[in-house]
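Asks: Supplied in structure tokens, the structure appears directly below.
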Amino acid sequence: MNGTEGPYFYIPMVNTTGIVRSPYEYPQYYLVNPAAYAALGAYMFLLILIGFPVNFLTLYVTIEHKKLRTPLNYILLNLAVADLFMVFGGFTTTMYTSMHGYFVLGRLGCNLEGFFATLGGEIALWSLVVLAVERWMVVCKPISNFRFGEDHAIMGLAFTWVMAAACAVPPLVGWSRYIPEGMQCSCGIDYYTRAEGFNNESFVIYMFVCHFLIPLVVVFFCYGRLLCAVKEAAAAQQESETTQRAEREVSRMVVIMVVAFLVCWCPYAGVAWYIFTHQGSEFGPLFMTFPAFFAKSSSIYNPMIYICMNKQFRQCMITTLCCGKNPFEEEEGASTTSKTEASSVSSSSVSPA
């Protein structure tokens, strides 16, 4: 084995020189230069500095403006809540431990950080699944006269939390475990060892199949069918131009969210699967650190996409930030009105664009 396994940790360095120490008790500066830990801390501070305001603003603006409180927006707000979980439960912890050079918060802190990071990522993934299914149901109409209502949105929210908990909770109760990874300043699922009594192998397979591959298959199926339906509707001119345009805008926004999720999380998932299938092989601390910390940036892209691609939300956000008056409203009056009308063709089936 090209690493050192201890009680509740695995360090990717053979302890031939005797310098390897527990990541819960000693700085890990023998793994990489101390400056790298400072850089990680600064990176996490940047994510907090951006992630908290944009996600909180998304929640606040939607709650303040009644016209934004549509069923589909409930799911988008769910993404903001998940991101805030990651910011408060994960990022603050990781920034603090990076500043110390080791996981100074001990096993409890590791469990909390790993849990919140996993929970937030899974809520985001399953929210994208619900959005994909909603787009498929509304645009492709496999069920005639289907309207995505408040009851559907609430069921979708409950579904995302149940599925996320089904992935994040088991390591807390003995099916696998959370351990420090990479530079030993953040925690994740134990892909690294076959520690006796934790059944890591079965949990990792369960997680990859049920909480990564199956959701992605559902998403790709829905958007494959969606693409075909949009082309057919455009060719047949079955719906009004404003309705088609509004549905395309919403679908485009959700597709970009899915692509951004894949860009952020696929490197981490790929490296984790490689480590799991090549346990004992040689790899450095940075091998897992880069994809793990890159995945954490997912907390800021969803609200940024939402703000950039949803003109109605942008107008409401500017109004909120400017104390109830939008200084650009007069300049964009006619354009904004036409866009709002297009986005409001059917609040239950076309929101939130």
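Glycine is treated like the rest: Cβ placed from N, Cα and C.
Swiss-Prot lists these features:
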- 334-353: compositional bias 'Low complexity' (COMPBIAS)
- CYS110-CYS187: disulfide bond (DISULFID)
- ASN2: N-linked glycosylation site (CARBOHYD)
- ASN15: N-linked glycosylation site (CARBOHYD)
- ASN200: N-linked glycosylation site (CARBOHYD)
- CYS322: S-palmitoyl cysteine (LIPID)
- CYS323: S-palmitoyl cysteine (LIPID)
- LYS296: N6-(retinylidene)lysine (MOD_RES)
- 329-353: region 'Disordered' (REGION)
- 1-36: topological domain 'Extracellular' (TOPO_DOM)
- 97-110: topological domain 'Extracellular' (TOPO_DOM)
- 174-202: topological domain 'Extracellular' (TOPO_DOM)
- 275-286: topological domain 'Extracellular' (TOPO_DOM)
- 37-61: transmembrane segment (TRANSMEM)
- 74-96: transmembrane segment (TRANSMEM)
- 111-133: transmembrane segment (TRANSMEM)
- 153-173: transmembrane segment (TRANSMEM)
- 203-224: transmembrane segment (TRANSMEM)
- 253-274: transmembrane segment (TRANSMEM)
- 287-308: transmembrane segment (TRANSMEM)
Asks: Between the Cα atoms of LYS296 (N6-(retinylidene)lysine) and CYS187 (disulfide bond), what distance do you get, rounded to the nearest Å?
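Replies: Their Cα atoms are separated by 12 Å.
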Asks: When a 10 Å sphere is centred on the Cβ of ASN200 (N-linked glycosylation site), how many other Cβ atoms does it contain?
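Replies: A 10 Å sphere around the Cβ of ASN200 (N-linked glycosylation site) contains 23 other Cβ atoms.
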Asks: Looking only at residues six or more beyond either end of the transmembrane segment (111-133), which have a C-beta under 8 A from one in the stretch?
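Replies: Answer is 72, 75-76, 78-79, 81-83, 85-86, 88-90, 93-94, 97, 105, 156, 159-161, 163-165, 167-169, 171-172, 178-179, 186-189, 211-212, 215, 218-219, 222-223, 254, 257-258, 261, 265, 295-296, 298-299, 302.
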Asks: Which site among CYS110, CYS323 has the most other CB atoms no more than 10 Å from its CB, taking these as recorded positions?
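Replies: Output for this query is CYS110.
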Asks: At an 8 Å Cβ cut-off, counting only pairs 6 or more apart in sequence, do the transmembrane segment (287-308) and the transmembrane segment (153-173) clear the bar of 3 or more pairs?
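Replies: Between the transmembrane segment (153-173) and the transmembrane segment (287-308), which are separate recorded stretches, there is no contact, as judged by 3 or more close Cβ pairs.
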Asks: Counting across all protein chains present, how many other Cβ atoms fall within 10 Å of the Cβ of ASN2 (N-linked glycosylation site)?
Replies: 12
Asks: Give me the long-range Cβ neighbours of CYS187 (disulfide bond): same chain, 6+ apart, Cβ under 8 Å, in sequence order.
Replies: PHE103, CYS110, ASN111, GLU113, GLY114, ALA117, TYR178, ILE179, PRO180, GLU181
Asks: Between the recorded positions ASN2, CYS322, CYS323, which lies closest to ASN200 (N-linked glycosylation site), Cα to Cα?
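Replies: Closest by Cα: ASN2.
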Asks: Same chain only, please: residues at least 6 beyond the ends of the topological domain 'Extracellular' (1-36) with a C-beta under 8 Å from a C-beta of the stretch. Say none if there are none.
Replies: 100-104, 106-107, 110, 177, 179-180, 183-185, 190, 192-193, 195, 279-288
Asks: By CA distance, which of the recorded positions (ASN2, CYS322, CYS323) lies nearest to ASN15 (N-linked glycosylation site)?
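Replies: Going through ASN2, CYS322, CYS323 one by one, the closest to ASN15 (N-linked glycosylation site) is ASN2.
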Asks: Give me the stretch from 37-61, 74-96, 153-173 with the greatest number of Cβ pairs under 8 Å to the transmembrane segment (203-224).
Replies: 153-173
Asks: Please work out the helix, strand and coil residue numbers for the topological domain 'Extracellular' (174-202) from the DSSP assignment.
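Replies: Per DSSP, the residues of the topological domain 'Extracellular' (174-202) fall into 3 helix, 8 strand, 18 coil.
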Asks: For the transmembrane segment (37-61), which recorded stretch in the set 74-96, 153-173, 253-274 gives the largest number of Cβ pairs separated by under 8 Å?
Replies: 74-96
Asks: Let me spell it out: take the topological domain 'Extracellular' (97-110), skip the flanking residues so only those 6+ beyond its ends count, and list any with a Cβ under 8 Å from a Cβ in it.
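Replies: That would be 8, 23-29, 34, 37-38, 40-41, 44, 178-180, 183-187.
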Asks: Using C-alpha atoms only, work out the spacing between ASN2 (N-linked glycosylation site) and CYS322 (S-palmitoyl cysteine) and round it to an integer in Å.
Replies: 58
